[in-house]
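This report concerns only the one structure given below.
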Amino acid sequence: MQEAYWEGKDMKDMKDVSLLCEFKGQLEFSERRPEKSFDRKMECESLPPLSRLAICGGTHGNEWTGVYIYRELQKHKAREADSVSITTVLSNPRAVEACRRYIDTDLNRCFTEDLLSSPITDTSTYELRRAQELNAQLGPKGSEQAVDLLCDLHNTTSNMGLCIIFHSTDWLILHIYKYLQSKITSVPVRAIQVDVPLSQAYSLDSLGKHGFSIEMGPQPNGVLRADIFNAMKEAVDLTIEWLQQFNSGKTFEGGEVETYAADKKIDYPRDPTTNEITAAIHPQLQDNDFKLLRPGDPIFLSLSGETVRHEGEELYPFFINECAYYEKGTAFNLGRKITRTVPSISLKKD
């Protein structure tokens, strides 16, 4: 499960949801990603070939769909898909072996520029060491040597369907998202955009010139579900297909694309003395990811049977009751539905 890039304050009044954590991420264009937001009609953009693809699984060791897709792809080692060279990576092998999210610390929080450039010492965590190894293999981050596209595979215990998580400035990913959305019919396909300076981007997918994560759920940790596996494998195959078509010279038309912009995170009500949670996700909210949440809608049911209602503005919840977020103090996240406009895209001619 990949957490999006937003932070918040502690909730002081457990029933005043309007006082919950505010998103603090600030948009900053990076040198390695297109420097235009493309939220208006524009002429066709030409980009160089995208010939090097990295597919990563097991960044979190108990999210098994990506692990088993990695193993399937490994059966066809050094796979070449016409114009695309594919590198497959098991990101956190020790965590996979232990069937744990991580060994010492969350690997998917270790890819900021500061952490990647920090010296390794005897006290360095396993995940920091591994992050620097991956940066050497797939990056270096922000360099011309980095892979053209990095796709990181994740599971969530939330009812998210298939969700693309990408940096808001990397509009190229919206073309891949549009392609997946037009082809996949077995599950809903959505996208969440996050705004963060490249130097502070801490997820594995930020190592590539372009990158995104695929989140699929619901799936319990340490479990492999056939329907989730098949849908994610289809998304991976379609990503490769899109790259092949782009590299062969096909023009992909632009247009409007609907995404969700991360806005807030909501903590559980907690006992002010012990900090233990005092309520669970309300049954009417549970499993209703991306369903519009209105003021007055129930969000928590206290352990004594009282309903806590949403007091904020209308927003869309996602990552509802995600198992990995209990330790992070997040019951669910809220975002806005927005419409982006992207240009047509084609291969740059020599």
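Cβ atoms are placed via backbone N, Cα and C, with glycine included.
TrEMBL entries are annotated by machine, without manual review.
The annotation domain 'Succinylglutamate desuccinylase/Aspartoacylase catalytic' is assigned in TrEMBL to 51-237.
Residue density at His154 (Zn(2+) binding site): 29 other Cβ atoms are found within 10 A of its Cβ, drawing on all protein chains shown. Summarising the annotation, TrEMBL assigns Zn(2+) binding site to His60, Glu63, His154.
According to TrEMBL, the active site, proton donor/acceptor annotation covers Glu215.
The residues of the domain 'AstE/AspA barrel-sandwich hybrid' (256-335), classed with DSSP into helix (H, G, I), strand (E, B) and coil, number 3 helix, 33 strand, 44 coil. Residues annotated as domain 'AstE/AspA barrel-sandwich hybrid' in TrEMBL: 256-335.
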DSSP-derived structure type at His154 (Zn(2+) binding site), helix or strand or else coil: strand
Glu215 (active site, proton donor/acceptor) versus binding-site residues His60, Glu63, His154 - nearest by Cα: His154
